[in-house]
Amino acid sequence: MAFLYREPLERPGLVLRELIEKRDIVVAPGVYNPAVALLAERMGFEALYLSGAAITGSLAMPDLGLITLSELAMFTSYITRVVRVPVIVDADTGFGEAINVERTVRELERAGAAAIQIEDQVMPKKCGHLQGKALISPEDMVKKIIAAVGARRDALIVARTDARGVEGFEKAVERAQLYVEAGADIIFPEALTSLEEFREFARRVKAPLLANMTEFGKTPYITVDQFREAGYKIVIFPVTTFRASLKASETVLREIMEKGTQKDILDKLYTRTEFYDLIGYHDYEKRDAEVSRKAEELLARHNNSRTG
């Protein structure tokens, strides 16, 4: 059904909390626009991840915290008004200090976020799998978490620590344990380097855990089943759809450049029928016809009353 005629998801934070409690593990693919979000929902995914890296990438910018809170809230609302599954939103460092994080949480929850992720890097932040990251103090991150928890209505607060690549595994565990005490609902250990590290982290941090299965990074390729067995409740694939879209576009553009036609790669394209079905195109036509019919009936009654 066309999203304009669907009721929005009510209290998405509670929906996500219940989903985490009911499922062994929740798989949340990364999305960066409403069409991809709608496709992911159509395919059966029960939660989505709005990736900061994918958003900035779609704007041809690096993942350095360059977008604004207003832009992120806009992207969030575009996606949450289309789908009826909870969306986890990557808010990078929270757009400032603790008092700024309060507004960030309120704005993103108002935009429909089910969970809001904040990390412990300094600004400008970096992709979690690059060298040269720097961290704020544990105390400053605790302040942000306390502020976030105090500002939210239902949204879950995801605390990401990038300490593994800066201070080492033990410090990552220590920070995570502190963040749980501060009230974080979910802990996200970024850039762990082996399945055994993920297992050890889960043994020592008593909270729902989120694993990042990105590509071309420091984390080896680990399956959803392996993460489940290691004790993780959520696994995200944050930039996979964005990377796939770029590669597919490159293939199509090269075909047009070299052959001057796309006819030999039609099997690689989403058809008109498939796209119309995805967005509920015919629902719009039906609605337009219904409005026209009602208008005609009203005008007919009006004309009859005048002539009668």
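The backbone N, Cα and C atoms fix where each Cβ goes, and this holds for glycine too.
Per Swiss-Prot, the feature substrate binding site maps to Ser51, Gly52, Ala53, Cys127, Gly128, Arg160, Glu190, Asn212, Met213, Thr214, Arg243, Arg272; the stated evidence is sequence analysis. Here Swiss-Prot flags Asp90, Asp92 as Mg(2+) binding site.
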From binding-site residues Ser51, Gly128, Glu190, the one whose Cα lies nearest Asp90 (Mg(2+) binding site): Ser51
All-chain count of other Cβ atoms within 10 Å of Ser51 (substrate binding site): 29
Around the Cβ of Met213 (substrate binding site), the count of other Cβ atoms that are within 10 Å: 20
DSSP-derived structure type at Asp90 (Mg(2+) binding site), helix or strand or else coil: strand
Rounded distance in angstrom between the Cα atoms of Ser51 (substrate binding site) and Asp92 (Mg(2+) binding site): 9
Nearest-integer angstrom distance between the alpha carbons (Cα) of Ala53 (substrate binding site) and Asp92 (Mg(2+) binding site): 9
Helix, strand or coil at Arg243 (substrate binding site) [DSSP, three-state]: helix
Long-range Cβ environment of Asp92 (Mg(2+) binding site), under 8 Å and at least 6 residues apart: Gly52, Gly65, Ile118, Glu119, Gln121, Lys125
